[in-house]
Amino acid sequence: MTTERTLVLIKPDGVARNLTGAILARVEAKGYTLAELKKVEATRELLEQHYEEHIGKPFYEPLVEFMLSGPVVAAIFEGHRVIEGFRSLAGTTDPTTAAPGTIRGDFGRDWGLKVQQNLVHGSDSTDSAEREIKIWF
Ligand code: DAT
Ligand code: MG
């Protein structure tokens with residue numbers, strides 16, 4: 001069995017709404033192991049690297065502004081197929097339509113079409129996980 005790592009971020013909305021513990025508990029309950037954890041004030045430079053694939057898209061600036069609006073909690077979780085598994089726990093990008101039972105589906109609120117306020121980030125491949133972990137840790 002191969003063990004994978006993923007980067008999980010609790011975004012500023014999740015931290016501000018005191019959902020950090022509830023979100024981390026769901027990931028642990030699924031059976032994944034918390035390897036690293038810290039609270040971070042992101043910088044524009046860090047976010048530019050993290051969201052490099054989205055530079056130039058219409059939602060890029062609002063996304064970066066949102067991620068600078070408060071502290072973020074960064075975690076590394078480990079486990080078999082944790083990258084796919086965490087994204088399944090998180091639910092689809094838009095909290096309004098994310099399935100009930102998922103983090104975004106259960107805790108996401110519609111703040112007026114601000115899709116970026118979707119509580120969590122999870123890496124989407126082994127390559128992006130290793131790239132993102134280097135950026136945040
Ligand atoms: P995900 O976080 O589900 O991997 P993504 O990588 O496509 O989604 O986008 C990164 C973040 O950017 C996402 O969590 C929220 C924001 N975002 C994506 N698409 C958006 C859109 N159409 N409008 C506003 N924000 C968006
Ligand atoms: Mg993504």
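Glycine is treated like the rest: Cβ placed from N, Cα and C.
Since the structure is predicted, the reported quantities are computational estimates derived from the model, not experimental observations.
Take the CB of HIS121 (active site, pros-phosphohistidine intermediate) and look out to 10 A: across all protein chains shown you find 23 other CB atoms. According to TrEMBL, the active site, pros-phosphohistidine intermediate annotation covers HIS121.
The ATP binding site feature in TrEMBL is assigned to LYS11, PHE59, ARG87, THR93, ARG104, ASN118. For the recorded site, ASN118 (ATP binding site), the DSSP three-state label reads coil. Non-local neighbourhood of ASN118 (ATP binding site): LYS11, ASP13, THR93, ASP94, PRO95, ALA98, ARG104, GLY108, each in the same chain, at least six residues away, with C-beta under 8 Å from its C-beta.
Among the features that TrEMBL reports, domain 'Nucleoside diphosphate kinase-like' is placed at 3-137.
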Close in space, distant in sequence - PHE59 (ATP binding site), Cβ under 8 Å, 6 or more apart: VAL115, GLN116
Sparsest-packed of the listed binding-site residues (LYS11, ARG87, ARG104) - C-beta count within 10 angstroms: ARG87
Where the C-beta lies under 6 angstroms from ligand 1, the matching binding-site residues among LYS11, PHE59, ARG87, ARG104, ASN118: PHE59, ASN118
